[in-house]
Amino acid sequence: MMNLLKFEIKKIWRQKKIFWLLLILILFMSFQYYQNTLHQDSFIDRLYESTEPLKANVTEIERELDEKRVNNQLNELEKQQSVYIKDMKAALQHWRSAIYSEELHNLPQLEHEFLKSLQNYLNKDGEFEALTGLNLEYVILKNTWMIDHNLSIEDEDYPISPHLFMLETGDLLFGVLGIILLLLIFGNILSIEREQQTWFTLKTQPIKKSSIILSKYFTLISMLFLYVVVVVFIGMLLPIILNDHHLLLNYPQIIFSENKIRIISSLTYFLFKSLLFFGAGIISFSLLLLISMVFKKSFSSLIATFFVLLIGHYLTTITDFSAPMNLFHHYQLGDIIIENRDIWYYPLFAVLWAILIVLITLYIPERQADLLNAQYQKSVFNSGDTNSKRGALINTVIFELRKLFRKGYFLQVISILFLLIVIGYFFLNQEADKIETEYFKQLNDEAVAIQEEMIPMYEKKLFEYEDRYEKTNDKSEREYIKKYIDGTTQVINLYKERVEKIEKGVKEYELGNWEAFHELQLFTIKLVNGDFDESLHYIEHNFDHQFQYEVSVEEKEWSIKNNIQPIFPGEFRPTVHDDWGDNPQGEINRDAWEERNHKVNSSGLYTLYHFYEYYLYLIPLGLFLFLLGGGYAAERGKKNTIHFLQTQPISKTTIFLGKILSSSLIFIVSYIGLMVLLLFLGTITDRFGDWNFPILHYDSLSSTSSVGYTGTITDYENYGFHFTPLGNYLLKCIGLLFMLTILVITLSGFISTFIKNTFAVMVFTVLVLVSGHFISIEYLSKWAFLSPFIYLDLFKVSNGTMATLLDQSLINTTMGIVTLFVSSCLLVYFSCIILKRD
């Protein structure tokens, strides 16, 4: 067994897979660390700005108490509050002064002094809006830990210390991304033996089948262990060497679970994450070997493995079966840590699952044919007749297409995508129906609560006010009570109107009339925003998101004008300009609000919208890159078919162009087929959808300030927006998607002209795309519209989010199509030059 293990590791070493793994990790982590170092100059500024809300709140409270003191209106409790507010102000000044002086080691103690005064103030029935509830608990817990362990404040947003940087990279690499990377690099360890027939050579040796499989499995586990060690080593080494930071494994990590907070050390968190990742890894490799015994080809086994993991992960998410017994729950590493369950059970069950799957693999019969391509003796095309009248380029394209179909990989990819779409649409349809049912139930419950609880409560108050009004003779008091009577009367009328609109809206919706329902939602938006508060007197509604309010109102007005069928759930339209605060409670509120108001629908057009909204277009892009992205490198390797092709009267550039054209054709036709399938499923199951459904388009500041701007300029920092019909929006996305696929193919083809390894071509293509997109956002904001990589995010480009965030109005669909087309042409041109000189 040990000799077999050494043999397998030596094969992996000679295939340079370990080299590629190390190179990817080093490049990724070095780039991440470099990005973090660029933000260090702003650390003190960010730290200082984080205290601004505290200062503003303290100043406001102090001013209110001082006004009462001047007017001799302070009671005994408020006098004590005034003392503690002054203590808070003094402590805050010392704290901010230490930040300004960069005395980071003193900050926890100074923050503690402020929190101590704050606690005293709160104990005297004081209110401090800048720190409440979960936010206050979070700050106190963390501050106590920092003082107890004598720690300094560090930059947790862009960490450069070894412990925090190791955790940041661990969160990225010890998860689904890491599993995918390991499967892509080492996933053909068994199937390649069967595909290249070397499996029969191994079976001629006096070695048991079980020994061969186990040696490969333990080789994969050793690569998993190497991966973990390398991530830890680089994560610690880079900060220590480059910035001379100390490793502090007791630095706190805060974990939020619903309305609870707990705190653990960085070491504990990292150990949990590493163990859980290792468990997910051994399960993944055992599944891979099992599937490799069913599928004979490497491509088929990898695609099937990813498909099984994806479906299992999705089913786990929607069924909420979160337990160690669930094989696929082991991939939800972050959720497991947050749930605070018995984490040690997960590695144990992972080992048990891995043993079970490996045992099945050892005893399962071998398949001698591929599942979706059982026939290996192929008949010739067109009975061997050829057409010499066609041009060399057309013949090359046809030749490449025939190769692709005869290998059977294309059918496998299409089959996988077909299953994913059908299964995904089924769950989407169920979710849409569930959300609609729950929405109407909430409306009905609200109407009942208003009629049985709210209106009687306010009628009782109204009776009490009227009784007091009749009994008092004091003129000022009668005026005071009269305002309450008028306000309460308006509240009752408002609630009655609310009930009437709910009843009418629901009734008209059932009849297929949408206007009344949109008016109900418009009424709700204005009610929440406080548009009716003036007549209510002492009752206020507070909605702090002005941009979202104006967007939501105009969306409903558009829907009424164009008779749009409503899509559920919420009345509001969350936007990128919504400010929930940079704190734990703010993030929780944001997530809850967006979940409550996120629209889900299974109609044909809106299903296609979800295809871009959830970035599902990247799944076919990745699969087809894996299938077609080898370019010129696919003709090299062991078989080295490039030599055969070069014996034909065809130039290298013709071969290259044939590959580019055939791959682009397959890409585009496949995407068209997938989108038609989505439309078809949505139409026959639900409805086609409203072409004019309003899709929000953000307008950048440079657009809103230009002459002739026709959109809506809001009161929120003069940002603007307009709505575009859903159908038009989808056409923009489709146009960008087609050009993006051509760019991906030409980029991989260009890289394949000077890199001979197919896997390396794919890795470098992905690295160039991802890093190019990131660099375009971070460093080329002014000229980002000229970068083809910025258009990788089709959704944010098409709806104006990217242009708004970078304040570059030229980042739009038209410019994107032109830029992608020109970039693709340039890549093809340079590739042809390289091939001619070769």
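A Cβ is built for glycine as well, from the same backbone N, Cα and C atoms used for every other residue.
What TrEMBL annotates here:
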TRANSMEM  172-192  transmembrane segment
TRANSMEM  213-242  transmembrane segment
TRANSMEM  275-295  transmembrane segment
TRANSMEM  302-323  transmembrane segment
TRANSMEM  343-364  transmembrane segment
TRANSMEM  409-428  transmembrane segment
TRANSMEM  614-634  transmembrane segment
TRANSMEM  655-681  transmembrane segment
TRANSMEM  729-751  transmembrane segment
TRANSMEM  758-777  transmembrane segment
TRANSMEM  815-835  transmembrane segment
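For the transmembrane segment (172-192), the partner stretch with the highest count of Cβ pairs under 8 angstroms, out of 275-295, 343-364, 729-751, is 275-295. Segment contact is absent for the transmembrane segment (758-777) and the transmembrane segment (343-364), given fewer than three CB pairs below 8 angstroms at sequence separation of 6 or more. Counting C-beta pairs under 8 angstroms (sequence separation of 6 or more), the transmembrane segment (275-295) reaches the transmembrane segment (343-364) with 3 or more such pairs.
Listed as Cβ neighbours of the transmembrane segment (302-323) (distance under 8 Å, sequence separation of 6 or more from its ends, same chain) are residues 176, 179-180, 183-184, 187-188, 191, 284, 287-288, 291, 294-295, 329, 331-332, 335-336, 339, 371, 412-413, 416, 419-420, 423-424, 427, 431, 623, 626. Using a Cβ-Cβ cut-off under 8 Å and counting only residues 6 or more beyond its ends in the same chain, the transmembrane segment (343-364) has close neighbours at 209-210, 213-214, 217, 272, 275-276, 278-280, 282-283, 285-287, 289-290, 293-294, 324-325, 327, 330, 336-337.
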